[in-house]
Amino acid sequence: MSKRVFFLVPFLVLFGLGVAFYFGLFAAAERGQRVIPDAMVGKPVPNFDLASYRSDQPGLNTADLKGQPQLVNFFASWCVPCLAEHPLISKLAEEEGVIVNGIGYSDTPENIENWLKRHGNPYARVGVDETRRIGVDWGVSGVPETYLVDAEGKIVFKYGGPLTRQVIKEEILPLMKGLSR
Amino acid sequence: MIAEIGHFALILALMVAVVQGTVPFIAAAKNHMGGMRLASSAAIAQFLCLAVSFAALTHAYVTSDFSLLNVVNNSHSLKPLLYKVAGVWGNHEGSLLLWVLTLTLFGLLVAVFGRALPPGLKSRTLAVQGLISVGFLIFVLFTSNPFERIPVPPLEGGDLNPLLQDPGLAFHPPMLYLGYVGLSITYSFAVAALIEGKVDAAWARWVRPWALLAWVFLTGGIALGSWWAYYELGWGGFWFWDPVENASFMPWLIATALMHSAIVVEKRDTLKSWTILLAIVGFSMSLIGTFLVRSGVLTSVHAFANDPERGVFILLLLMISIGGSLLIYAWRAPNLQGGGYFKLVSREGALVFNNMLLTVITALVFLFTLAPLIFELFEKQITVGPPMFNFFFVPLTTILVLALGVGPLLAWKRGDWADAKRRLRLALLLTLILTALSAIVVWGRDAYALVGVALAIWLTLAVIVEMAKKAGWPRQSLSGTLRRAIRLPRASWGMTVAHIGVAVVIAGATGASLLTVDKTLSMRPGDRTTIAGFEIEFTGAEEVNGPNYIALRGHYTAYADGQAVSRFEPERRRYIANGQQTTEAAIETHSWYDLYVVIGDQTKNGGYVTRLYHKPLAPWLWLGSILMMLGGILSLTDRRLRVGAPRRAAAPIHQPAE
């Protein structure tokens, strides 16, 4: 009989382990929740200074993003979803009075100038990041991508993909309102 | 459309697995031939379903189909093709799919190559495999479906973790999975044998090739992972005792023990319940490894997703499969009759000693790996670092290697201690002389390194002595011994090559960890510095564009005696999609050492942080791993494993030429 109990030992060890793992899982889940979802959110805007698409147009640099909350929108003339969100951005700038800056990503100044001429230019300032160097610093994964920067020049919100009415209504405008107060 | 075919094939596979996991059991109990044959057909069908499913997911990755959530999260259209394919298994869902695909691949192999197996054992083994499949397929389909679509597909994906975009790592997971999952076969064989209540020499002979095959792949997988860490993480280490490394190392240790104990069952008909237990524990360690990676229970660089729902599911799967088999073990194993009697000093005795040491090492690795988790339950935080692992691992391995030199020289049943001593006397003497010579070479570096060097030399010489004994030395002349040595069975050669591989790995590990010289400094273009007799000049750095990253590339030239001998172009890459950085060390490999250069951030004075390493014997780590795998493969091709009756005695010398 005692010999049989001996053969039960592996099972009992496993049982103990199972209990430990079970509680460990919830500790792990708690730990996981403390992680910030996006690396750049909560951090100051990276240092950069970009020229515009034409020398007589205002470019965009780190200092321009201080003083009041504003949006930075990464776009490109080759990007179809950018065109899709363009009317919404124009509306934000014209009707809601939000300052929107554009960064033309992986694109030439000529293409950007033509594109803005054809579809309208809602941007307060435009920088051209032809080499993608600045986009890398911002953590851009693709275009379009929109960042909300507060008055101190800190990134408070990031949205990847074309903006939608819902995101503007439920996320961007309430955040903007909170920041301007 | 293609994604839906993949999804559908996955559901079909689950249905086939349910049949495979139930019908053959009943058929085997009733001795119904047709029902038992169904197991093989089901195993083949299940593999085909999964192959279709896997091909569908691969297609989605290659064509960058961003309407699949899984592809969006883990791919990017700019990614090179190799990493688009590797991206399939570079994430939780896809890697699980690969896991199940591998599982069914082994089911297919048993179905096709297991013609000689008794129908009862074969169908029960495949049925156990089917049950494992059921569990994992449910997990994939209900909690981790890789074919999930999203309503608004974005234009671009989030890219694969750049650390994983590397040729070494592209093949690391499939290789490791072949090993992990290969152990499912020995597990299924063990459970089937417990159900049948019969474990004999024939059983051991059927199980051993599978254990060997899994071991070969595990060795390769671990070596690839270690190689990757060595050149990609940029600080020249090759083993960090990270929880997930340990999760692959523990099954390897158990598989090593299993390979050896199965020999005892085969030749001497004893150690049965122990061997069965090892077969169960080996696969259990693989499952626990999967659990540790997937659940985020232990914090590790490898964790994919912290999702308690998935964690609880895997835990449940773990408890049912391992717990169930251990209960059957507790019920059936006491009835297994041990056969042969043996003296302490004998081949069996030596193999038992080997098993004891390997099991103790595994148990300690296990405890130390889980220590942070156990302490966390009592609201305490601890971290267990490499020094604590080395504290027990190095001495225990030393004993293991010392004994490894002697063990193969002992005969079955009753070994001749005096004969072994006589034969090893010269090897011991030579070891001392060669170690003393190496002491002069590495004088003033690290005294412990000499222990490693001595062990490697000792093992190599002892292996040669054993080979010579088998080939008839000293009764035969030198040429006669050589001629006979060539004609020894491949299993003997396999053992010899694998054991020499162990010696080479020990030498490599010693060199790469204890004898390394390193230097960290800031270098400006034109600066020169010296390391281990080489003069290194930094000629400049530039920014270069890769397909999906921007890199800082440094240019260094190494001079020996004023002559330029090699150039180095280490990189620091910054990936466009998520801004993550990776280091690409530049390594120049020579037969006796590696020169290793890493470029870091720019410093205030216009220089670049540069790290230089001279790592003696480091390339031997990979060479030794290859030798170990080669040994396993040689052993696998031995005709005694393929055909023929089990032999009671040790291999006779006059084996017919192959």
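The backbone N, Cα and C atoms fix where each Cβ goes, and this holds for glycine too.
Some features that TrEMBL has for this protein:
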TRANSMEM  B:6-29  transmembrane segment
TRANSMEM  B:41-62  transmembrane segment
DOMAIN    B:89-295  domain 'Cytochrome c assembly protein'
TRANSMEM  B:126-144  transmembrane segment
TRANSMEM  B:175-195  transmembrane segment
TRANSMEM  B:207-229  transmembrane segment
TRANSMEM  B:249-265  transmembrane segment
TRANSMEM  B:274-292  transmembrane segment
TRANSMEM  B:312-331  transmembrane segment
DOMAIN    B:315-639  domain 'Cytochrome c-type biogenesis protein CcmF C-terminal'
TRANSMEM  B:387-412  transmembrane segment
TRANSMEM  B:424-443  transmembrane segment
TRANSMEM  B:449-468  transmembrane segment
TRANSMEM  B:617-637  transmembrane segment
Determine which recorded stretch among B:6-29, B:207-229, B:387-412 has the most C-beta pairs below 8 angstroms with the transmembrane segment (B:126-144). B:6-29
Please check if the transmembrane segment (B:387-412) comes into contact with the transmembrane segment (B:449-468), where contact means 3 or more CB pairs closer than 8 Å and the residues in each pair are separated by 6 or more positions. yes
For the domain 'Cytochrome c assembly protein' (B:89-295), what is the mean per-residue pLDDT, to the nearest integer? 88
Counting only residues 6+ away from its ends, which parts of the chain sit with a Cβ under 8 Å from the transmembrane segment (B:41-62)? 2-3, 5-7, 9-10, 12-13, 16-17, 19-20, 23-24, 68, 70-71, 75, 81, 84-85, 87-88, 94, 97-98, 100-101, 104-105, 107-108, 110-112, 126, 129-130, 133, 146-147
For the transmembrane segment (B:449-468), sequence-distant contacts whose Cβ falls under 8 Å of one of its Cβ atoms, 6 or more beyond its ends: 398, 401-402, 404-406, 408-409, 423-424, 426-428, 430-432, 434-435, 438-439, 442, 481, 485, 488, 492, 496, 499-500, 502-504, 506-507, 509-511, 514-515
Within the same chain, the residues 6 or more beyond the ends of the transmembrane segment (B:617-637) and with Cβ under 8 Å of it are 209, 212-213, 215-216, 219-220, 222-223, 226-227, 230, 238, 490-491, 493-512, 515-516, 589-594
